[in-house]
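The compositional bias 'Polar residues' annotation in TrEMBL covers B:1-14. The region 'Disordered' annotation in TrEMBL covers B:1-26. Taken from TrEMBL, the feature transmembrane segment applies to B:38-58, B:78-100, B:112-136, B:142-163, B:170-189, B:209-231, B:260-283, B:303-320, B:327-346, B:352-373, B:385-408, B:414-437. If you look up TrEMBL, you'll see B:43-441 marked as domain 'Major facilitator superfamily (MFS) profile'.
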Amino acid sequence: MASDRLTATVNPGRGRNSSNVELVHVRAVGPNDTLHYVWCFHSTPTVLLALTSHASNLSVMWENFPRTAHSISFNPKPIYSFGMSVNKLYEFNDLNDTGLLDMSNYNETYIHSIEMPDSWEMKNIQQNLESVLLVMEGSWKNDKSFVKRGILRIELETFRDQGHDSILPRLMHSANATQLELSMRNMATNSNFQRGRFAAEIILAANESSESSVFPTAYRSLDDERTPGVFSLIELQTTASKTENKGGYVQWRPVAYVADERDIVNSTETAFYEIKNISNSSSQLNGTLMSAYFGTDLNINLLNAVNVSFGAKGDGFYAQNNISIWTVTIGYGHPPNEFFSLFVILIMSFCLGLPALIILISGLYLCFRRISYRKDDLFLSE
Amino acid sequence: MDNISRVESVNAPTSEDDSEQEQQGCGGSSCCNPKSCIYRFCGLVLMCLLGFGSYFCYDNPAALQDNFMSDLKINTSQFVYLYSWYSWPSVVFCVVGGFLMDRVFGIRLGTVLFALLVVIGVSVVALGAILNKFWLMVAGRFIFGIGGETLAVAQNTYAVLWFKGKELNMVFGLQMSFARVGSTVNFSVMEPIYRWVSKYYDGYTCTGVVLFLASITTVVSLLSTIILAWMDRRAERLLKRRDNQSGEVVRITDIKDFPLSFWMIALACVAYYVAIFPFIALGKVFFIRKFNMTPDEANTVNSIVYTISAVSSPLFGIVVDKLGRNLICCFVSILVTIASHAILAFTFMNPFFGTSLMGLGYSMLASGLWPMVSMVIPEHQLGTAYGVMQAVQNLGLALITLLCGIIVDNGGYLMLEVFFLACLCIALVTIVVIYLYDSNHGGVLNMSAVDREVYEKNRISAEDLEREKLVAAGSMSDITPQDLLQPHSDFHIRNRYLSRIGANLPSHYSENQKGLAYRALR
C-alpha cells in the first residue's frame, strides 16, 4: 500500500546546521498508521523502522544521545520496531579461492575485523514526492592504525510506492522499506593479505520476544529479468513477519557489483552464513542507535547477527577492482514477491505456442492430404 | 537448366571401357582406383585435415588469453580485435572467394591458394607477436580470416564434388566434428606448449614462437590441399570427368537467380545457429549462477555441446545418408533444440541434460542442412552458393552476438533464452515453408534416399535424351568450325536452339564471345 506522503527531517530537534548529520528521520504517513524510518550514522550505520499511530512523534534527547538508553523514543510507543545495522567489516585472506568466509578459522593470519568509519560526511540528500535519498561517506580519519585508506559509502533510499529501483540489482521494494546500498571503495589495509576479500556483519533487532528469531530463506527463481545473471533471492524474516506478516525482514540478491558500471561482467556473488546470537549485547552495541533506542530491552528482545561476504571463486579477489557494491532492503510486513513480467509471459507463450501450433497444423494437413488422396483413388477407380 | 552432376560422373564415367583401359597402368589396385572406396576415403581424410589448421589456429588467442594480454600489454577490448578483424571481413570475402573459385581458379587451385593465404595470415600473426607489433597481428588475423573462411567454403564444395549421392551427409558431419577436434586440441595443448617454450624465451617473443609452432598445423593443411588437388586431377583424368562440361559461366549476379529454397535454407541456418553459438559464448555465467556450478563444471557443461556433436554428427550423417528426408531431419533437430533451450530456461534440471540434448540437435541439423544446398544449386555455382551461405551465417552471427550481449545485460538470461526460442521458432517455420515450397517443386529435399537415387538417374537420362533429341533434330547447315572443335554442352545446344527459333539472347550469351572470353579463365 502506498503511503500518502514522505517527510524527511535532518537531526530532528536540533536542526540541519549543526556540526554533522547524525540522524535523518523519514515519516511515511499511510492510511491507517505511520511508518518511521530513522537513519543514524553515529558509530555504526543503522536503519530503524517503527510502526506507530498517526499521532506518534519522535523525540531525541540530544545531550544524552546516543549514550543513554531511550535517549531516542517515540511517543506514544510504537506498535512494532525493527532495526538493522552494519556493525563491522571483516577482511579475510581467501588463500584457497573459495569465496567463502570460514569463521572457525579465526586467527590473525586469516581474518581481521574492521570497526566502522569514525567520520561520516553527508554527500547528498534528496527529497521529492516519490522518494527520499541520503548518501553518506565514511572514512577512517582518526584511526589509521589498520585501514590505510578507503571509503565506505552508504546510500539509503525509501520510496512512497512499491516498485523496482532503476539501477542494478533493481531490488523490488514495497512502500514499507528502506533500501541500503553499501560500497567499499579503494580499501587498503595493513593486513598484507594477498587474496583479501571483505565481509560485513549485520545486526538485526526487533521488539519481539527473544524466543522469536530470524529465518533465512533462499529462493531460486527462473526469472532474472530484473537482475540479469542472478537467479536467487535471499530473505531473512523475523518470526512476526513469517507468521503474521507483521514483522521486519531484510531481502537481497546474492550479487555484488565490482564497478560503478554495473552489468553481468562486473558482478560477483555474495554468501551469507548462519544466524548468530549476540552475547553481551549491551557492551557491544554501546553508543549506537540500537542501544540508544532499545536500551536494556536488547537483552530480552530479538537480537541476531549474520555475516555476508562479498566475492566468489575466480573473480580475482577484492584487489582486482578495488570496489564492492552490495544492496539490501529493510522492510516491514511480507517481503515482496517477484513475478514474470507480462512481456516475458507474452513472448514465452508465443515461442512455445507457435511450434505446438505448427506441429498440430502440419499433422492435420498430412492427415487431410492422405484422406483426400484416398478419395481421389476411389474416384479414379469408379 | 541443371547440369549433369559432376559427382555422378566421378563414379559413372561416360564410357566404362575407356576408364578401365586407363586404370590398368596403375595395376588397378584398389587404393589407386579413383572409383574405389579407399580412394575416396583418402580424399576424405585430406578434406578433414584441410580444415584442421585453420580451426586449430583460430582459437589460439582464446587458449592463451591471459598470456596474450600480459605479454603484449593489451587490454580486453584490444584482444577482441583479434576476433572481430577475423570475422567481419569474412562476411564479404566468403562470397568473393567462393565466386573466384567457381569462375577463375577452379576448386583445386582455389583451395591451394586459400590454404596458402591461411599460412601467410597465421605467420604474419606470429611475426607480429615476435616484433611486438599489435597492428601487424591484427593484419595477420585479417588475412587469416579471408583465407580461413574461404577455405571452409572450398571444403564444402570438395565434399559435394566427391560424395554427392553417396556419403555426403556423413562427410559433412565428419568435417564438422574434425573442426571441433581442431579447436579442442588447441585448447588442451597450447597451454603446455607455452609453458615449454617459456623455458627458453619470455615475454612477447615467447608468444610469437608459440604461434609459429601453431602455424605448422596450417602448413600440414596446405600440404593436404596440394595432395588433394593431385588426387582430384587424377580422378578427373582417369574417369573422364569433364570439368564444367556445360561451359556455363558463373557470374556474381547469378546470386540473385539462386532459387528461393536456397535463401530459405540460408535463413533457417542463421536462425538456428544464432541459438547455439552465442549461447555457448555467454553460457558460463548462466551455469554458474543459475545452477550453482563451479567455473570448471560450467566449462565442462558448456563444452559438452561440441563434444557430443563431434561424436554424433558423423553418425547422424550416416543415418541421413541411409534415410534421406533431410527436411524431416532438420525439423526434428530444431524441435529437439527448442526442447533443450526450454529445459535450460524453465527448469532447474541438471544442465548436462539440456546441453547434451542441444549437442544432439545441433549435430543432426548440421549433417542434414548443409548438404541440402547441393540439391538446389547446380554444381558449377556451388562455391558461390556455399560462400553466400557462409557469409550470411557469419553476418547473422556477428550481429546477433552483439544483440545477445545487450539482451543479457538489460533483460537477463531468461530473456536471452526466450530470444533463442524465438529464433528457433523462425527456423522451424522456415523449414516448414521450405517443405511446402519444395513439395511443389519436385520435392527433392525431402525424398528418401532410394527415391532420390531414382530421381537423379531419371533427371540425368532425361537430360541426355533431351540433348540427343536436339542434336538429332537440328539440321547441319549452320554448324560452324568452332562447333566441331568444341564439345556440345547443354548451354551451347540450348542457345543454338533458342537462336534458331528466333529467341533473343542476352549479349553475354553470344556463343562465340563466350568461347573466347571465358574459356581461358577456367
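Glycine residues also receive a Cβ, built from the backbone N, Cα and C atoms like all the rest.
Automatic, uncurated: that is what TrEMBL annotation is.
The shown structure was predicted, so the numbers you read here are calculated from the model rather than taken from an experiment.
Within the model, the domain 'Major facilitator superfamily (MFS) profile' (B:43-441) carries an average pLDDT of 85. Within its own chain, the transmembrane segment (B:38-58) has Cβ neighbours under 8 Å at 30-32, 86, 111, 115, 118-119, 122, 125, 144, 147-148, 151-152, 154-155, 158-159, 162-163, 166, 171, 174-175, 178-183, 185-186, 214-215, 217-222, 224-225, 227-228, 231-232, 235, counting only residues six or more beyond its boundaries.
Only sequence-distant pairs (6 or more apart) were considered; of these, at least three Cβ pairs between the transmembrane segment (B:414-437) and the transmembrane segment (B:327-346) are under 8 A, so the stretches are in contact. Contact check: the transmembrane segment (B:78-100) against the transmembrane segment (B:327-346) gives fewer than three Cβ pairs closer than 8 Å, residues 6 or more apart, which falls short of the contact criterion. Sequence-distant neighbours of the transmembrane segment (B:209-231) (same chain, 6+ residues past either end, Cβ-Cβ under 8 Å): 34, 39, 42-43, 46-47, 49-54, 56-57, 60, 64, 108-109, 111-112, 114-116, 118-119, 122-123, 125-126, 129-130, 151, 158, 182, 186, 190, 193-194, 197, 200-201. Away from its own ends, the transmembrane segment (B:112-136) comes close to residues 50, 53-54, 57, 71-72, 74, 78, 97, 101, 105, 142-148, 150-151, 154, 204-205, 207-209, 211-212, 214-215, 218-219, 221-222, 225-226, 229 of its chain (Cβ-Cβ under 8 Å, at least six residues beyond either end). Counting Cβ pairs under 8 Å that are 6 or more residues apart, the transmembrane segment (B:260-283) and the transmembrane segment (B:142-163) reach fewer than 3 and are not in contact.
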